[in-house]
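Taken from TrEMBL, the feature substrate binding site applies to Glu63, Leu85, Asp86, Gly87, Thr88, Asp210. Residues or ranges marked as Mg(2+) 1 binding site by TrEMBL: Glu63, Asp83, Leu85, Asp86, Asp210. Sequence annotations record features per position, and here TrEMBL assigns Mg(2+) 2 binding site to Asp83, Asp86, Asp210.
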Amino acid sequence: MAALRLIAERAGKVILQYYVDAEEITVRQKDDASPVTDADEAAETFILGALNTLTPHIPVVSEEAASAGEIPEIDGDFFWLVDPLDGTKEFISRNGEFTVNIALIEHGVPVAGVVHAPALAMTWTGAGEGTANFSETDNPPMKISVREIPDEGATVVASRRHGTGEKLEQFLASRKINDRVTAGSSLKFCLVASGQADLYPRFGRTMEWDTAAGHAVLLAAGGDVWTLENEPLDYGKAGFENPDFIAEGVHLDAGFESAETEG
């Protein structure tokens with residue numbers, strides 16, 4: 001994990017070179033109407049080079065390359081999933097809530113992952129149950145884990161930009177909710193993994209590179225991510241698009257059936 005963390009943090013430094021100077025942020029639209037900047041592309045170029053040096057035999061699926069139709073064969077046991085700048089809209093709005101996401105997938109499961117928030121100088125890592133860590137720059141890593149849901153009810157974290165909607169409200173109606181918070185990018189997974197929130201429901205389009213690294217950290221912290229069919233979210237699907245999902249510290253069946261029906 002040390003090598004993976006170093007790659008993510010160095011990619012973060014590449015991103016910050018653009019972030020510190022607003023005049024350097026040039027925004028373009030991709031075919032799916034989502035934004036992309038020079039920072040996305042520069043960070044991806046760095047990560048792809050670093051991973052190809054670290055594991056030349058393992059293919060890499062990365063957001064910007066995949067958007068351009070550059071998708072390698074992933075018929076082996078392993079492949080990497082990379083989002084070089086998750087939360088491009090947060091980057092553009094300069095609120096700090098963007099991340100570098102790198103995950104290793106084995107047979108559809110995210111077995112290792114790092115989420116690095118360059119502007120916050122925070123990093124989360126995980127590579128198997130009980131290995132989840134959080135660290136701030138120049139400080140030693142600390143173990144993190146999910147928590148039991150408090151008696152007063154769960155804290156739900158939702159997307160800063162997609163945190164409302166009828167389907168979400170229908171799902172939450174079946175849960176005892178005490179508090180609601182918002183966060184950008186993969187930080188939502190990290191809040192659940194560190195016991196600062198209890199669940200992150202997502203009803204809407206996401207791609208595998210958006211979720212794999214945070215999912216790996218959450219798995220390492222004792223949680224998991226579930227589809228509305230109550231099955232673990234897996235990776236390597238055709239098109240790399242995720243279904244609706246619920247990321248949880250403690251898995252409860254409540255609400256899955258109603259959310260699926262309402263969809």
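The backbone N, Cα and C atoms fix where each Cβ goes, and this holds for glycine too.
The model shown is predicted, which means the values in this text are computed figures rather than measured ones.
Shown here: features listed in TrEMBL, placed on the structure.
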residue : record                 : DSSP (3 states)
Glu63   : substrate binding site : helix
Asp83   : Mg(2+) 1 binding site  : strand
Thr88   : substrate binding site : helix
Asp210  : substrate binding site : helix
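The Mg(2+) 2 site is defined by Asp83, Asp86, Asp210, and by the 8 Å test on Cβ atoms against their centroid, the other residues of the chain that qualify are Glu63, Leu85, Gly87, Thr99, Asn101, Ser185, Ser186, Met207, Trp209, Thr211, Ala213. Put plainly, the binding-site residues Glu63, Asp83 were compared by Cβ crowding within 10 Å, and the winner is Asp83. Taking a C-beta cut-off of under 8 Å and a sequence gap of six or more, Gly87 (substrate binding site) has these contacts in its own chain: Glu97, Phe98, Thr99, Gly184, Ser185, Ser186, Leu187. Taking every protein chain shown into account, Asp86, Asp210 are the binding-site residues, and of these the Cβ with the most other Cβ atoms within 10 Å belongs to Asp86. Distance noted between the C-alpha atoms of Asp83 (Mg(2+) 1 binding site) and Glu63 (substrate binding site) is 5 Å.
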